[in-house]
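> Below are the structure tokens for one structure; questions will follow.
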Amino acid sequence: MNPYASTIIITSLIMGPLLTISSNHWILAWTGLEISTLAIIPLIAKQHHPRAIEAATKYFLTQAIASSLILFSSIINVWTLGQWDITQMSNKISCTILTTALAIKLGMAPFHFWLPEVLQGTTMTTALILTTWQKLAPLSLLVMTAQSMNTTLMTMLGLTSAAIGGWNGLNQTQLRKIMAFSSIAHLGWMITILTLSPKLTLLTFYMYITMTSTMFLMIKLLETNKISVMMTSWTKLPTLNTMMMLTLMSLAGLPPLTGFTPKWLIIQELTKQHMLTIATMMALLSLLSLFFYLRISYYTIITLPPNSTNYPQQWRHKTNQKHYLALMTTLSISLLPITPTLLTII
């Protein structure tokens, strides 16, 4: 890619979400969302492959629909109240349309169909950006308007996302699709607690970004796309595979790893609000996600590759030392003891 073009794209990719987060006016927030959407499309379509072009088209169409709905909901709110302040959302119709639009942008169920397909058509780096950085702006808008949102609607969206994310990930063999459904399931946890405790939503999102980024970088370093290819990765990088297993268990929310912190705090908050049924359902739905994380761990760590493989053997490249991966892995698996400090900071 042309260096001038890549500079413009990367700058726009950084500035778009930051503009949305820092704005208090609907037009500025919408502009930031549009900038980040238009910046990521060249990165998705960069491979010049039919699947990449298809992914870019799907992404553009879904994001365009969501952006138009956001503009529509803000105009209805302005029509009712006469001002463009993001935090002043009192019109029920406007709030419902905004919730739908941001659910489409984030890839929450039942508006999740575009996310696995788009991730499957991109590179690992672009998939990492789509599942972490690109979710920052829509989620910040949800946090800013949390006091106006319908708790029942958000809880139903969260339960649906956790169920569909766990259920659809069970039979997947492609790692990018598994990470897409993992993202949908984690979004379910964030949205369930949004109206009750926005601070917990942000804490869950920050930990999700840490764990997902670590997982994507490990997969990229191993140069694998499918579960079956990962069976030979133990002989190449045994230490990295061990750390990958711990990161996967952290994503699943097993104690005493980092991923247990947000789920523990969310279930505790739901119990305090006397929502025992919702807390029980969320805990049970997390078992679905745990199954496919265990499946990846089983293929990576426990199985031995067969003598005759049905896929081409990879060359053993000289591994570049990724020092940042050591820090990210440590954060992904060992933040549970400092949970009180994290709650104080946020």
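In case you wondered, yes, glycine gets a Cβ from its N, Cα and C as well.
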> Do you know which of 126-147, 324-345 TrEMBL annotates as transmembrane segment?
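Here TrEMBL associates transmembrane segment with the stretch 324-345.
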> Along the domain 'NADH dehydrogenase subunit 2 C-terminal' (290-342), what average pLDDT does this model show?
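Averaging the confidence scores along the domain 'NADH dehydrogenase subunit 2 C-terminal' (290-342) gives 76.
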> Answer yes if the transmembrane segment (203-222) and the transmembrane segment (57-76) have at least three CB pairs under 8 Å among residue pairs 6 or more apart in sequence, and no otherwise.
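Stretch pair does not touch.
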> To the transmembrane segment (96-115), which of 152-171, 178-197, 274-294, 324-345 is linked by the most Cβ pairs under 8 Å?
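Most Cβ pairs under 8 Å with the transmembrane segment (96-115) come from 152-171.
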> When you scan the chain for residues with a C-beta under 8 Å from the transmembrane segment (178-197), skipping those not six or more beyond its ends, what do you find?
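Cβ under 8 Å, 6 or more out: 106-109, 112, 115-116, 119-120, 127, 131, 135, 139, 142-143, 146-147, 149-151, 154-155, 157-166, 168-169, 172, 204-205, 208, 212, 215-216, 219, 227, 251, 262-263, 266, 269-270, 273, 278, 282, 285-286, 288-289, 292-293, 296.
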> Would the transmembrane segment (234-254) count as touching the transmembrane segment (324-345), i.e. at least 3 C-beta pairs under 8 angstroms with sequence separation of 6+?
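Between the transmembrane segment (234-254) and the transmembrane segment (324-345), which are separate recorded stretches, there is contact, as judged by 3 or more close Cβ pairs.
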